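If you scroll down you'll find the structure; I have some questions about it.
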Amino acid sequence: MKLSLTKVVNGCRLGKIKNLGKTGDCTMDIPGCLLYTKTGSAPHLTHHTLHKIHGVPAMAQLTLSSLAEHHEVLAEYKEGVGKFIGMPESLLYCSLHDPVSPCPAGYVTNKSVSVWGVGGRVEMTASKFMAIQQALQPDWFQCLSDGEATCDEATSIKRARKSVDRSLLFLDNCLKLQEESEVLQESMIIGVIEGGDVMEERLRSARETAKRPVGGFLLDGFQGTPTTLETRLHLLSSVTAELPEHKPRLICGVSQPDEVLECIERGVDLFESFFPYLATERGCALTFSFDYQPIPEETLLQQNGTQEEGKYVDQTKKSKTTSCNREMTSFEINLKEKKYQEDFDPLVRGCPCYCCKNHTRAYIHHLLVTNELLAGVLLMMHNFEHYFGFFQAIREALKSDQLAQLKELIHRQAS
Amino acid sequence: MAAVVSPTSLESAPRIMRLVAECSRSRARAGELRLPHGPVATPVFMPVGTQATMKGITAEQLDALGCRICLGNTYHLGLRPGPELIQKARGLHGFMNWPHNLLTDSGGFQMVSLVSLSEVTEEGVRFRSPYDGDETLLSPERSVEIQNALGSDIIMQLDDVVSSTVTGPRVEEAMYRSIRWLDRCIAAHQRPDKQNLFAIIQGGLDADLRATCLEEMTKRDVPGFAIGGLSGGESKGQFWRMVALSTSRLPKDKPRYLMGVGYATDLVVCVALGCDMFDCVFPTRTARFGSALVPTGNLPLKKKQYEKDFRPIDPECACPTCQKHSRAFLHTLLHSDNTAALHHLTVHNIAYQLRLMSAVRASIVEKRFPDFVRDFMCTMYGDPTLCPSWATEALASVGITLG
């Protein structure tokens, strides 16, 4: 694996990660996102419908919470989770938790971490964790870690320190076990930066984790709680400053467009793509513009459109909250609203996705009102494509030194 | 394409079916329907897409599976989103963006089966909407009006539907009323050049009543006939006899549509009895319950026995699900909350049904339909003695003996 930076501007890293995958010839662009999956499948989508989407990321995110309980089956299968789920060509990253489903706190011990599957709690020591990874054989996996420093209202220094200590211990154990496993030689451990909201602990975590032979870093504990991301951005910059340039930085729990840009400016490379999924689940379509270079007439139209949309959105629903919030954001429209009943426009004019090329807002509205399964399929197709398009726009803006325009455009739509 | 006819009479109703081959033993036929949205090979199974959607699979997926005709429900669509909106959307084809053929039923069956407070009079069916409580009357005229707005290629008459388990004078009343309603539908039909109105033979399980209905309805020169009032709670023995009676009295040069039939065995037997078109919610509904259709029956994939079964549902099946996924993965996915699991099975089950009909048709064209039937029954039941007796009898009645 080789990370090459094309340029770094205002803290934002633009580049490519090359020589990825079992065959060593896959590439990923950064900044970028990972395809969000539930139990090894993009939500609502079969291989057929997934591949109608343009710009699907080269790497998909699997969650241990959905797969740990199937350890036995995967071990017997032997050929790895990629083949099992029908995505043998995709790069795979296995995270501990599902960013969308909060897990009960209080189950991390010095020796184990728990995840929650359909069948209940799965407790994992480092050995069990690595045994599961052996059965999965992902390209990258998040190391076992203690992410609960930020679970309580006020992070105590003691708890923050513990999260760092435990995570480092888990990391060293897992690295050792990896050395002893032939199967896992091709997989890369992603070190997890913990430390809650305590600067000293965050720095310690970053410095210590960076000393280990990890393939990349996951910035944990910056995700949505009543305290928004904003108050943690300072911590984030300090953390990434301690990390080596040539290894990727992932962040979990952050997926909303405005937050994504804030994190990119602070040295983050890769994001989860659960935001389009959350929008889908509330019957919404992403409609925010990322066209930072529109031709003049279109600017006016789009602005009017945005303003008009803004007028109807219930003020109590709009809130600048973090990604895991289930409430509708200002980046989307709610197709359940009666006003879409006779709207024969596509979800987003000019969008090249399957849904926008073939269907109307009126049809999606009908599917939602009648509780039809196809609503989820079509919205997911649009929302993923729109979101992946956003990331492409970020990369292009960085390339042409126009990120400020894109940022301004996104911020205009964020409230 | 339907020929242009004068709006006042259907005396020269178009022959929309062309017979390609007939079994020399049984009554099985292979043919081709010529419909406004393209040709359809028969015998054909039509998946049911009740509310302008095929339950979780896209129009493109359905097209890729080879489906060329599917169903929409007038009752559901008449309530939501309503005929006016659909007309604005360029008909049901435009609304759901389906390029091939659509058949809509009249709403009659749903009236009776879904609505507890429905009342049938000579006028029509009076019912209370389950969504907003409003009272409406679905008359033959209104049903045709809605279907004209929907623009489906085949539309069904409003019939007076009684459950096949009902006996007594109600059955006779319903049969005669259905004839009168057929005439009202024909008179009300505004678009005979673009939409083919089918009659529905009623008469319950009474051979005399059914024969009367057949005699009367076949005097009306409609483009096709459906065999209705069956596929309810009746015994299979009664079921096949009514189907056989119906096909023996229906014209050969018009399609015979057996409503509500979709189990594999039933399809094969009823093709032998001379039916050309079928619809049923079963394959798509059972998919959403985790059950995959295979030549030997079905696989309830949620069951533990499939947890480590790394084979595809059917190694002979060319559908996307079988090409990419194992039973074990589908089992895992079915136990999650990812709806993709249901879609995988819907795709497969539709593929199964279409492939079955394709195979049936090929065997008729290649003059080996009786052998095909024997092979099919053998695969499904193993021994001829294990074959359901009604099927054995029905097949025997048209000259096909098993084992």
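Including glycine, each Cβ sits where the backbone N, Cα and C put it.
What TrEMBL records for this protein is below:
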DOMAIN    A:13-413  domain 'tRNA-guanine(15) transglycosylase-like'
BINDING   A:C351, A:C353, A:C356, A:H382  Zn(2+) binding site
Who sits close to A:C351 (Zn(2+) binding site): which same-chain residues at least 6 apart have their Cβ under 8 Å from its Cβ?
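The list for A:C351 (Zn(2+) binding site) reads A:K357, A:H382, A:E385, A:H386, given in order along the sequence.
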Name them in sequence order: residues not among A:C351, A:C353, A:C356, A:H382 whose Cβ is within 8 Å of the mean position of the Cβ atoms defining the Zn(2+) site.
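Not counting the recorded site residues, we get A:P346, A:L347, A:V348, A:P352, A:Y354, A:C355, A:K357, A:M381, A:E385, A:H386.
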What residue among the binding-site residues A:C353, A:C356, A:H382 has the most other CB atoms lying within 10 A of its CB?
A:H382
Pop the mean pLDDT for the domain 'tRNA-guanine(15) transglycosylase-like' (A:13-413) in here, whole number is fine.
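Here the mean pLDDT over the domain 'tRNA-guanine(15) transglycosylase-like' (A:13-413) amounts to 91.
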